[in-house]
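S.K.: Submitted below is the structure of interest, expressed as structure tokens.
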Amino acid sequence: MPATLSAMSSLILRASWDTQQRLPYNPNAPRNPNKKPLSQPNTLPPTPSPLASPSISLTAQSVSNLLKRNTKAQGVVTKLEDTYLGYERWMPSPPKVEKPRSVYNAATLAYIGDSIYELYARRHFLFPPLSIEEHNDRVMAVVRCEAQDALLQKLLNDNCLSAEERDVLRWGKNVGSAKTRTKKRAGAAVYNRASSLETLVGYLYLTNVNRLEEIMLKLGFSTGSSAQMIPEEVDGELTTI
């Protein structure tokens, strides 16, 4: 009798085990399917709504501080010459156009002037060497329209522009453009003044590269060797370039 009860119990256990529904085999299933995952990889956190960037007000002095480099230890000062390391100019030669205003409009000159201005900024921070991240941060700080507006005010306050150059500024100030995030951030007045400076840079690039280098040097950019010191980098006294 006990043997019979034991055999019956064994049959009941096997029957109950075999009748359970089994899930199909999944080699990628977690070890513990009942355990909640710590994170859901397919669920992204909600993106916060972008906030409007506050208006940035820069002065000529603050931009000059952005352009300062640690070159005092080298003490290298070069003169503005017609050649550099045996080459006529370090910039690409511009097309020969006697009267750019009769060929190009202000927007075109501002377009090329923007690239020339940024080329000066990138070259300015090549010495002393910086990491690519810091180099990019410094360049971006001085090519933004707020910095360009502050540097333009510096030129106007120093009264170093000719009547023709001031006329080009007024011409470039009226450059029409669609609404952009930069224009919305800085405001139309700052954006238009920055465009007028770019127009002047483009105009001088096509007509008088020597004068362009004089203007860029007054703004605080190096124009000779990359180790050149500019007046703003010398404390207490000005250096004759």
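The backbone N, Cα and C atoms fix where each Cβ goes, and this holds for glycine too.
As annotated by TrEMBL, region 'Disordered' applies to 22-53. What TrEMBL lists as compositional bias 'Low complexity' is 22-42. Residues or ranges marked as domain 'RNase III' by TrEMBL: 108-208.
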S.K.: Using DSSP, what's the helix, strand and coil tally for the domain 'RNase III' (108-208)?
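M.R.: Counts, helix then strand then coil: 80 helix, 0 strand, 21 coil.
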S.K.: Would you mind giving the whole-number mean pLDDT across the domain 'RNase III' (108-208)?
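M.R.: Average per-residue pLDDT within the domain 'RNase III' (108-208): 90.
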